[in-house]
Amino acid sequence: MSNVKKPNFLQALLPLIILMVVAVFSISQWKTGMYIPLLSGIVFTALLGLYLGHKWTDIEKFIIEGVSRALLPLFILFMIGLIVGTWILSGAIPTLIYYSLDFINPSIFIPIVVLVTGVLSISTGSSFTSISTIGLAFMAVGQGMGFPPALVAGAVLSGAYFGDKLSPLSDTTNVAPAVSDTDLFSHIKHMLWDTIPAYFISVVIFYFVGLQYTVDSANFDKINEMMITLNNSFTISPILLLLPIVTILLVLKKYPVLPSLLIISILGGIMAMVMQGSSIAQVIQSMTSGYAADTGIKEVDALLNKGGILSMLNIVGLILLATALGGLLEGVQVFQVLLNTLINKARSSKSLIMLTLTSAAIIALASGSQFLVLILTGRAFANTYKERGLDTVNLSRCLEAIGTVSINLVPWSVNAVFAAGILGVSAMEFIPFSYFILLVPIINIIYGLTGFTIKKKTYPETNTNGSSKNSDIEIVV
């Protein structure tokens, strides 16, 4: 590969421009989703790589390396498909819906969604688990109470990613300080400055926005009809709440994620046979193609016809394309050129913070991958923070602001695609209501411009090779 050239800055920008332009037309005009924009980005980046001197075998290698990072998340998605199917069949999700309709006052429902999903995400360290279990139940409750699905989805995501951002059990919360060369709990402590204000402000906003729908939209006859339908279709019992409790216990015991999810799905199947009288064939069917509701109430059937491995195939397809593109952009050195150019423009502490956020946002837009945002940006900037006398907790906080939270604002990101598939609301619909996700980067921009909460630190030894001492860390996701 001695004849291979790096792209110049304009060449590095072109794949991102093409991706964005095609995405705008695909989403707003053609209504065809993100398959073609991502494929267009892959084709153009591959052609750019060939033009720069890479062999076709190199292009294939970059694609394979990118896709390989998605293997664990893809298996997790399949496990979540199993869980959703068996939890509905077992009556666990219908039980959560029933009790929520019975006990939660519509006037405080939206803030409750944010609070409960936040607690569950902190406990499990997984936004995906929160979204696909209690989040799905809240979507059904919200519909019964007359709230717009996009508003409820925004509340679910706000709570889920608040918890994911702060939980020491979260993978992103561990990766961000690792690539920034700081320790976990210093990182979490520093994140409180942006996370807590954003969370409380978002809860207040959700409360007042929710009040606009409570009086006029809460249809109590519809709520009663849903509760009667659920009670007639399932055995509603507190025993079924053991499933989410076991989920939390497995996470707290730090069992491996895939076996834990498989155990939870199997327990859901056992509960379905014990509590609902389901057959083994029905359990297998719910795991494969999801639960098939036939309650006679159209709205209830639409809410419960979910789950199964097959329901994840659309999400899996988008993730494969997004990670293939990310692997190509990294292999052709598009990200490296863009990051180096931006780093060289950082003349002050303020500009360094702003360029960190900008760089992370560019990688998020281009790759849709949390871990590429965290790893590439962290590795590129860690040494510069040390040279400028800035504590690297500032860097790790910026990484989480974009990589963990704001990546949900990218409609083709793994996170947004997953949420849209599970909750049944498109990313373009839930983004305007995802107040916590919108507030976190805004608060970080304010801190960056004012210098407030930006922590200084003198490092006695700093590498001079342009990378942090953690630059050899490999994260397989």
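Every residue gets a Cβ built from N, Cα and C, even glycine.
No curator has checked TrEMBL annotations; they are predicted automatically.
Keep in mind it's a predicted model, so treat the numbers as computed, not measured.
Listed features, source TrEMBL:
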TRANSMEM  12-28  transmembrane segment
TRANSMEM  34-53  transmembrane segment
TRANSMEM  74-97  transmembrane segment
TRANSMEM  103-122  transmembrane segment
TRANSMEM  134-162  transmembrane segment
DOMAIN    159-452  domain 'Na+/H+ antiporter NhaC-like C-terminal'
TRANSMEM  196-215  transmembrane segment
TRANSMEM  227-251  transmembrane segment
TRANSMEM  257-275  transmembrane segment
TRANSMEM  312-332  transmembrane segment
TRANSMEM  352-377  transmembrane segment
TRANSMEM  398-424  transmembrane segment
TRANSMEM  430-449  transmembrane segment
For the transmembrane segment (312-332), sequence-distant contacts whose Cβ falls under 8 Å of one of its Cβ atoms, 6 or more beyond its ends: 7, 15, 19, 33-35, 38-39, 41-42, 45-46, 48-49, 52, 54, 58-59, 61-67, 69-70, 73-74, 77-78, 80-81, 366-369, 372, 376, 412-414, 417-418, 421
When counting Cβ pairs under 8 Å to the transmembrane segment (134-162), the leader among 227-251, 257-275, 352-377, 430-449: 430-449
Long-range environment of the transmembrane segment (196-215) - Cβ separation under 8 angstroms, sequence gap at least 6: 106-111, 113-115, 118, 145-148, 151, 154-155, 158, 162, 433, 435-436, 439-440, 443
Outside the transmembrane segment (352-377), six or more residues from its ends: residues with CB under 8 Å to it: 15-16, 19-20, 41, 69-70, 172, 175-176, 179, 322-323, 325-326, 329-330, 334-335, 338-339, 342-343, 345-346, 384-385, 388, 390, 394-395, 398-404, 406-407, 410, 412-417, 441, 444-445, 447-449, 454, 473, 475, 477
Of 12-28, 74-97, 430-449, whichever stretch has the most CB pairs under 8 A to the transmembrane segment (257-275): 74-97
Distal contacts, the transmembrane segment (12-28) - CB-CB under 8 A, six or more residues away: 34, 36-38, 40-41, 44-45, 48, 325, 329, 333-334, 337-338, 341, 362, 365-366, 411-412, 428
Taken over the domain 'Na+/H+ antiporter NhaC-like C-terminal' (159-452), the model's mean pLDDT: 90
